[in-house]
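What follows is a short report on a single structure.
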Amino acid sequence: MAYLPRMTRPILLFPDPRLRKTCAPVGRITPEIEALAADMLATMYSAPGVGLAAPQVGVLSRLFVMDCNKDPDAPREPVVMVDPEVVSASEVLNAYEEGCLSFPDQYAEVTRPVEVRMRWTGLDGKLHERDFDGLWATCAQHELDHLNGRLFIDHIGPMKRQMIARRMTKMKRELARA
Ligand code: NI
């Protein structure tokens, strides 16, 4: 199969039923999964964003990418997590102003554990386990939520959630008309 590597893919915007699905385990790392991960990293970096989950590009598989190193002069630190899970989470919580590439220009404060231990399959096919904190921990939990059809607006109060949902519906209507 001819394939252009590092192609950016369109990002689905909320509301879209695919953003509410529970994604299926990936299992074995195939060339298609490697290509998907490369495309997702290219899509995330060009957006730009710090994380992107497969359902956001319409693929209902348990895979996400992230790079929370925001210093433009630092080398990139791409992380690809296949079939990720949280092994343990700190009792100490942290509030962070989250956004999401499926919700352009929408932000809300979300409270989550400040540290998480993640376990996942890498593109090398091996199991990895590592602790994350700060923005990395927030991002890993946000992206893992996506694989279960859960979005950052599910963590906030109903008033703010409805406000963001209304704005997104309006934004999509305007984009469809343009
Ligand atoms: Ni997101």
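Sequential numbering from 1, following the chain as shown.
Note: Cβ is positioned from N, Cα and C throughout, glycine not excepted.
Secondary structure at Glu143 (active site), taken from DSSP and collapsed to helix, strand or coil, is helix. The active site feature in TrEMBL is assigned to Glu143.
The feature Fe cation binding site is assigned by TrEMBL to Cys100, His142, His146. Residues within less than 8 Å, Cβ to Cβ, of His142 (Fe cation binding site) and separated from it by at least 6 positions along the same chain comprise Gly51, Glu98, Cys100, Val110, Arg112, Phe152.
The Cβ of Glu143 (active site) lies under 8 Å from the Cβ of Gly51, Leu52, Ala53, Phe64, Met66, Met81, Pro84, each of which sits 6+ residues away along the same chain. Taking Cβ-Cβ distances under 8 Å and a sequence gap of 6 or more within the same chain, the neighbours of His146 (Fe cation binding site) are Leu19, Cys23, Ala53, Ala54, Pro55, Gln56, Phe64.
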